[in-house]
């Protein structure tokens, strides 16, 4: 059998990707050793705005699965075009870093990854133009950069050579007006990017220039005897010219030949690097976690990030986003089995949103609801810090927020099975989740995958039990799709869940094939995601949160959210109402604090928390 030859372009791409992967930092998506600029809140505007270079910046979130998948491509692109600097520079900004979040909002970033191109001498964050990247093609990204560079008119980057096709007149007088020894002419068709790529590849080299000539330029085509496109010729100042001898009419072969011509040297240009301005932090210590338990710290962190970070990326909420946020918060206020002050906070936000009748809501108004500074009201507090316990990954960019959001979603579907009389239908919780993910979840490719699953079969759900199982099965589908990819934490493989050691009855074998016992899975879900199995490890005590909130309110800091709740007497009425309707009064608090009922729930007994069997009996 004849051996297949490896295409040079494919080989180059593989080498670039391998180098990029080898240089991947152990603690983040990018490192100072990468050939791009690590931007921060205090360097983004000073680097990108009023710059004599054009900039292409990736705004990403380190927890975003698609960003993790895209990082090797972006790193390889940076290595591929690093010699295009200072005409154009590549940068990155991590919007998951709390210090950068407001700056990302200022630059209009609402999803990840977002690529924005800034022309040279851009004045404002709004000047950035979004580049839509088709898949992970380095070639397409390179061509997008060139297309955007050519959109410069009055503000052409000083270091960027001409990219437009050369004319007969320019070539005729070239050596009289340019002090170089060599001129490389690349003949090509109008839709080819080859000539422009080689031109940019050579911009850091002196004593040589590169120009593209279109196949339609008949006089030059005839003069140099061009019969195939692309092809290249080298003109020398002494009046001689010759065909450039390369094995293949390709970018890498052209640049390799031209850079080795006698007298051609690298000029004073060098890739622009800003100092590594990343905030230095002490590595987060490992928090021992039992995977048979659910941790309140993960759930409260998910609430904070979902409501105060994800939603805050939109300066104004309109139409579907207003409806999605109201539905999501209403479900949280109804079903979240949190600590009393957190439940007060969610009810407060729910009331505030219901009082907003407009079809559009500026985030400044919503922020008042989420971070109320007023005193004299019932404690309604949600921590504004993020603490991962059961969702802590082996590295900062693994697990975290997506893990906690899945946990929150599972908890809500199970809570709906426990409090059926409060529900408005089997799709109440799933619909609220779907709207939130579609409108606000930052990883846009992840949101599209979730929407695809929802559109495929969510409308077939006929009961709250089926809703809990639907979410479980779709989560396992996602785990199967992502297993073995760059997004998988090597210390926490994406397995089908629950594993046999957590729920032996969930697994059976029929005709030598694994089969899920869905009745057992449902019993397990109801026990695992019950209030009795939620543990308070690593949460800040509520009393400490309230004291801090009160002190900061007096100081005007207002960093701790306090809802616009009722006075104490009215709040007592709400507590009585909740005990009657939600069934999470005194007994529910025992479960949340991780007492004896929690251990029973972990063991997967059919009779879950108090009251579950009775409600299901009534339903039957």
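Cβ atoms are placed via backbone N, Cα and C, with glycine included.
Curation does not apply to TrEMBL; its annotations are automatic.
Marked as compositional bias 'Acidic residues' by TrEMBL: 570-579. The compositional bias 'Basic and acidic residues' feature in TrEMBL is assigned to 587-611. Per TrEMBL, the feature domain 'Thioredoxin' maps to 18-150. TrEMBL lists 394-497 with the feature domain 'ERV/ALR sulfhydryl oxidase'. For 550-620, the entry in TrEMBL reads region 'Disordered'. Sequence annotations record features per position, and here TrEMBL assigns signal peptide to 1-22.
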Mean of pLDDT values spanning the domain 'ERV/ALR sulfhydryl oxidase' (394-497): 95
Tally of DSSP helical, extended and coil residues in the domain 'ERV/ALR sulfhydryl oxidase' (394-497): 70 helix, 4 strand, 30 coil
The domain 'Thioredoxin' (18-150): DSSP-derived helix, strand, coil residue counts: 53 helix, 25 strand, 55 coil
